[in-house]
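Taken verbatim from Swiss-Prot:
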| type | residues | note |
| --- | --- | --- |
| BINDING | Y59, G93, C94, S95, D149, I150, N164, R231 | S-adenosyl-L-methionine binding site |
Amino acid sequence: MSNTTDADAKHPQSNILVEETVVYDNVFTTPLDKAARFSFDEQVVACFPDMIRRSVPGYGQMLAMLPIFAKRHCQAGQVNAEGKRVSRVYDLGCSLGGATMALLNEKGGFGKEELQIKAVDISPAMTQKAEVLLQQNYPEHDIEVITADIRGFELEPCDMVILNLTLQFLPPADRTQVLQSIYNALNDGGILVLTEKTHTGDEQDDAWLVERYYDFKRANGYSELEISGKRNALENVLITDTLDQHHQRLAEVGFNRSLTWFQFLNFASMVAFK
């Protein structure tokens with residue numbers, strides 16, 4: 001699910017680097033074939049920072065908390081190729097590296113050699129641009145950008161995994177296996193931060209939350225055509241779970257406990273502890 005970068009400009013809410021020249025999201029300004037489905041292609045990648053800023057309520061606040069969590073749970077439990085102790089972190093479904101950049105932001109307080117970050121995404125368009133942005137902004141940090149499907153991707157031992165707005169794009173039948181692989185890779189004391197669009201299971205509550213979400217998008221400049229176009233394109237592509245389903249699944253794969261630490265309309269972020 002993840003804001004991106006360029007040199008010196010900062011987003012006022014998230015305090016992470018963003019592109020100086022904003023490419024506005026106009027993907028759905030013209031009617032699309034009803035059979036068209038949303039994908040993270042070059043057109044989406046080009047406007048992704050604007051798209052996620054205007055489409056995901058609370059996104060900047062969620063990113064800003066990642067280094068705070070990392071400071072508490074990254075224990076330098078791994079050894080890098082140079083024999084130095086580091087904390088390995090995975091950013092799964094990294095998109096343009098927003099979560100990775102949030103961790104490395106100067107306010108996070110991590111030194112250049114304290115974290116080893118592996119950023120993984122299935123979209124070649126995303127990883128190609130993410131690699132450029134991360135290299136431009138954090139050339140001296142230990143970051144590896146990997147193009148891969150996180151299903152079946154082998155994780156090395158790590159202290160923290162970030163799964164932001166990603167699980168929701170996987171078939172429901174594949175989600176437990178992905179979480180199991182994350183749990184197995186985490187060291188004791190490690191955490192998973194899981195952020196997802198959700199639903200409550202109550203028809204009336206969900207209808208209200210969805211309409212307020214569309215109001216949020218209208219307030220951010222999206223037209224009715226854009227809102228309906230993206231809704232249609234995401235049908236059967238983005239499939240939400242309830243918070244209860246998420247927490248039950250986390251318990252099933254072995255996490256000691258999990259909690260919802262942030263919620264804004266129908267978006268929520270959870271942390272699971274090993």
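Note: Cβ is positioned from N, Cα and C throughout, glycine not excepted.
Shown here: features listed in Swiss-Prot, placed on the structure.
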residue: Y59; record: S-adenosyl-L-methionine binding site; Cβ neighbours (10 Å): 25
residue: G93; record: S-adenosyl-L-methionine binding site; Cβ neighbours (10 Å): 27
residue: C94; record: S-adenosyl-L-methionine binding site; Cβ neighbours (10 Å): 30
residue: S95; record: S-adenosyl-L-methionine binding site; Cβ neighbours (10 Å): 28
residue: D149; record: S-adenosyl-L-methionine binding site; Cβ neighbours (10 Å): 12
residue: I150; record: S-adenosyl-L-methionine binding site; Cβ neighbours (10 Å): 23
residue: N164; record: S-adenosyl-L-methionine binding site; Cβ neighbours (10 Å): 26
residue: R231; record: S-adenosyl-L-methionine binding site; Cβ neighbours (10 Å): 15
Residues Y59, G93, C94, S95, D149, I150, N164, R231 binding S-adenosyl-L-methionine per the record - widest CA separation, whole Å: 25
DSSP-derived structure type at R231 (S-adenosyl-L-methionine binding site), helix or strand or else coil: helix
Structural state of Y59 (S-adenosyl-L-methionine binding site), classified by DSSP into three states: helix
